Amino acid sequence: MPTYNDDDDSSRPPSVHSERNQKPSSSQFLGVPSSNYNQRENSSRSGSSTISREPSSSGTMYPMASRDSMKESYDKNKGTPPDYTSYVSHSDAEPEQASSKSSTSIEDLLHTEYDDAPFAFSIPLLQRLQDPKNTSLLHAIHGLKGLCKGLKVDPSTGISTHEPHYADKLQMSDILNDDSNPKLVVHLDRIRSQDNNPEAKVSHDSDRVKYYGKNVLPEHDSKGLIRLMLEAFKDKVLILLSIAAVVSLALGLYQTFGQPPTLDPITGKPEPRVEWVEGVAIMAAIVIVVTVGGVNDWQKELQFKKLNAKVSNFDVQVLRDGAVHSTSVFDLVVGDVLFVEAGDVVPVDGVLIESNNLVLDESAMTGETDNIKKVDANTAIERTSPDVEYRKNADPYLISGTTILEGNGKLLVTAVGVNSFNGRTTMAMRTEGQATPLQLRLSRVADAIAKLGGAASALLFIVLLIEFLVRLKSNDSSSKNKGQEFLQILIVSVTLLVVAVPEGLPLAVTLALAFATNRMQKDNNLVRHLQACETMGTATNICSDKTGTLTQNRMTVVAGGFGTDVLFFDHNDETPTNVDQGSDSSKFEDAGASAFAFKRLSPELRDLTLYSIAVNSTCRQLFEDNSDTPRFIGSKTETALLDMSVKELGLTNVDSMRSSVDIKQFFSFSSDRKASGAIFEYKDKYYFVVKGMPERVLQQSTSVITNGSLDEVEDMHSHADYFKEMITGYAKRSLRTLGLCYRVFDSWPPKDIPTNDEDSSNPLKWEDAFTDMTFLGFFGIMDPIRPDVPLAVKVCQGAGVTVRMVTGDNIVTAKAIASQCGIYTEDGISMEGPEFRSLSDEKRLEILPKLDVLARSSPLDKQLLIEGLQKLGNVVAVTGDGTNDAPALKKANVGFSMGKSGTEVAKEASDIILMDDNFSSIVKAIAWGRTVNDAVKKFLQFQITVNITAVFLTIISAVASTDQSSVLTAVQLLWVNLIMDTLAALALATDPPTPEVLKRKPEKPGASLFTFDMWKMIICQSMYQLAVTLVLHFAGNSIFHYPSNTADMNTIVFNTFVWLQLFNEINNRRLDNKLNIFERINHNFLFIAIFVIVAGIQVIIVFFGGAAFSVKRIDGKGWAISIVFGVISIPLGALIRCVPNNFLRKVLPVKTIDTVFSWILNPRFRSKRRSTDHDVESLSLIPYEPTSPNEVIDSIRHSLGFVQRIRGGRIRHLLNNSKFDKQMEALPERLRPRVKQRFMKIRSPSVSSATSVALMIPISTLVSEASGRLGGHDIWISHNRQALDKKSSNVH
């Protein structure tokens, strides 16, 4: 047998992390004390009293705490998990050398002991069991027996939840000096079952938690409020405005305190010295803008942090105090006995106590595509010698983050949280998020508006500067006043740029998404990827599973039979067949079809049926308090059979029944087999029992029992048609049918069947064993449809969304249930998976529009269906709950996984988790998706209207003024900008869905953000607002008989402008031509609150703003003018909606404006006239649809480029990933694919996949093996879900 040198990676088999390429390197975690305990050398070693640390190859020494300091730290931190990261190696400065070799050998770890440590094993030693996999170390600690002894756990009963603070300390020598047999016998019959018990949690103060920690990662370092405010202040325009404000303040202070006062010509008294007020007011306004922006971002981060925590948490089954308990994955501790099964993503590191055909996909960790079959620790010890580090067929290790494909088992937890492999890797990969597609679309519009606004601001500055220079000779003012006038021109121009460049526009969608995802949780939609919320708004097709989604997943056996003549049905059910459906009901009556039919079964048949159901099942049982009746957890089909066994066959304890027989081999259910099986020894014979799809069971059965006895058997051939008729009759009644069969072997392994020499623990292959079976019986299982599904399907159809059923049931059952749900129509097509799969691409695309039901489908069929629908231009949402559904969930535009019945793999592959597994929740997701898109459009419509009015009003009034001053001052414009960018977004982005959103067809993918209805409202309202404000400014005094004092009228203009925006905000609550703009406004408290707050602040500004806001108190007539003109915008909006669009298309320059926007925001459009390339981006504001991740990055970079150059600030964070391309290009071409391959995405229980990641990582660590030396370069690694895609394709 091969051996592997610990110092030579080339001889080591593929492992979780090679010593040189892992990130972080194992040397950072090995050779460090597992907690703050004193450390000493085993007396059996050379006699030295302390361990000296080996220097790493880089020359750095690993930190070593003294005995006293560690003891003091431990005493001080009792009750708090130790901070292991404080002991991490300082070798990060030279990762290339530090990661090349472990600093602490296994021998050192085995002979290192810790005084006062309650457990024998340190965290570094437990990590070395699996990183890399090391069976020789398992031999050294005496296998599973030594491991359990060192962790103080009995695998038959689990840990105690009332674990004491251990007075007796366990040393490594106690384990190494134990010469007894390392094989540990686990007494499964000791396990009793118990329901979820809130008391079954390990205390945070226990030694186990203190020493090894909990299965929780530290919270992501979120940005604090001050940091977010500083980032908001990085806006280049705000910085420029701040500089101007400081200069203005300095000049104002000089004028106030350094110049003689100016006398009032009427009173002769000195005028108030307020020259400094404007500078202070501008700075105060900037502080308010920055503060509000920072608070807004801070609240958004808090919401997403809550979302991440909810996504990461799920329940697991553990063995504690001798009973099975359901607990949060966050409560797992080292020493727990964890139950795992197919579909789970392993949340911790551990060693297998028991394995029932466990097969894992470890590609996300090792990069190796082959699936790994696991064995328990005892078997691994038997198959290897102590000098062999690793053999592929003797692998008992489960690594956190890997996926269980088949089987089930029990796991002894050896590492949790930051000490597990997944935890260490995740902590090294935490990063910032990226922009969503809707943010990308908005950024393009923002860029166009920014260019127009920037041009307007520059034009204003140039015109005013020319006018200022022309008048300079005739200006008799002092040089200070001239400087103040010039500064006023600069301030007004810069402030106009603040208003005109919509920094808040690309970020407004984040607010809408944050609100929507938070509210969607209440509707049982847990959004994992933000873009899924947007995409659901354009969904045109839903491909839904049947079980649990359309049905209640509350399965009950209501009919069935044993052999040819013992039939039964539930008292509450109808007779099991229907004459009109072609079945012979008289045959049932003659056979005694009643619940008492079970009494006709012979004892032997009854026992065999019980063992067939109990042993060939992966369900676990729980007992409610003060109840002897078990409750089962697991597959709903299996729980239905077990419930029937309890009720009719006298089953009392499934665990006791399983432990009473010797299970030789177990075949877990798979989509290929459509069945599961088990071989067990019973009364000196070996029974092979199978349950599964009745067609498969009947096909492999050559005989059938009769008269309720195993002794009477007849040939199956003469009864085949009868059973097919029965199964068809059940299917027409929407019953799921299962068949049971068995076979008896006289010896084990059987002599007449070829054995599998490669795996002695599983000697038989399924295809060899599953032949020549005897048919036992069949069962009809009812799963009623959810009461609200037919209405939900009807609502989808009214919303232009086609619903299709994709199920593994037979076509008769599928059509029956689809008809009840309203999915299957008279002109619809139903088809089975194999037939659908065999069609040509052209034929498949031809029948897809009418395909309502796809039965007997495989994961491949579901993928083909999705691909075909997408080729036809559809946006497809799909549901899935199994591991094999992962590829389809990833392929769909939006993947929905089941929160209750779904596997962890399916949840990880999905975009949204249905917490209640209910189809109606998908309909709510569609409504929320459309509402998010509507919210962004509402905000866009509002902001562009304000932009147009503010820009033109400022330019016209400033140019027409004799002193180059605008009617709206800098402080007033900043107040308007605050209303426009933040408060309006809060108000308009938080409208809940209305029934109207599901009464219209979905938008086409890539549709323009602007509709004609939006354009006509923007143009008409802007024209009205400009007309009102300009007339008031230039003719208001004469029309309303005000004195020539401009202060009164300027205040009225400012007040009117703000009230126009406030009432137009109400107007913008609707995007269509319907008149009721107040619909469901009482459901949006935030909108009402913001309206009242803004109105209140405006009143305070006018009354008390004074010199700071350049306003003067106005009389009642002035207030009436302002508010009446504002209110008129509401009936005007109704009038605009009533005008036919065809008429306005001829009058309004919508096409010209749209073309100008498109020309500005996209160079592809400008080159369209001289290019015939069909791939060039569409006209108008329709976004370019990228086809690769690189195109996404390029598109984001291009779209936000102009805004970022002008503003910077928070926008800069959307462009971080652009560094990736540049720095990757700096690498040698031969290294690029290898660097990317080294860095793969994995799942962590504590970190949501809801955000994409991009992390600054020393590149020398990633490419040290490839190149040997690359200096100190750093790159941004932007990694996506490649690992999961790879994992999903492997599953398929």
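Using N, Cα and C of the backbone, Cβ positions are placed for all residues, glycine too.
ATP binds Thr547, Lys691, Arg736, Thr807, Gly808, Asp809, Arg856, Lys862, Asn884 as Swiss-Prot records it, and from the list Glu485, Glu604, Glu638 the residue named for this site is Glu638.
Among the candidates Asp852, Asp861, Asp881, the one that Swiss-Prot lists alongside Asp545, Thr547 as binding Mg(2+) is Asp881. Checked against Swiss-Prot, the domain name for Gln488 matches that for His1041, so both face the same side of the membrane.
In this structure, Lys862 (ATP binding site) is part of a helix by DSSP. The closest partner of Thr807 (ATP binding site) among the recorded positions, by CA position, is Asp545; the full candidate set was Asp545, Asn947, Asn977. Non-local contacts of Asp545 (active site, 4-aspartylphosphate intermediate) by the CB criterion (under 8 A, 6+ apart in sequence, same chain) comprise Met805, Val806, Thr807, Thr879, Gly880, Asp881. Taking only the Cα positions, the spacing between Asn977 (Ca(2+) 1 binding site) and Asn947 (Ca(2+) 2 binding site) is 9 angstrom. Helix, strand and coil residue tallies for the topological domain 'Cytoplasmic' (1106-1115), in that order: 4 helix, 0 strand, 6 coil [DSSP]. Put simply, Asn947 (Ca(2+) 2 binding site) is 48 Å from Lys862 (ATP binding site) when counted between their Cα atoms. For the topological domain 'Cytoplasmic' (1106-1115), the model gives a mean pLDDT of 85. According to DSSP, the topological domain 'Cytoplasmic' (988-1016) comprises 11 helix, 0 strand, 18 coil. The binding residues for ATP are recorded as Thr547, Glu638, Lys691, Arg736, Thr807, Gly808, Asp809, Arg856, Lys862, Asn884; their greatest pairwise CA distance is 25 Å. Long-range Cβ proximity for Asp809 (ATP binding site), meaning a same-chain Cβ under 8 A and a gap of 6 or more residues, is found for Lys546, Thr547, Ala731, Arg736, Ile817, Ala855, Arg856. Reduced to three states, the DSSP call for Asn977 (Ca(2+) 1 binding site) is helix.
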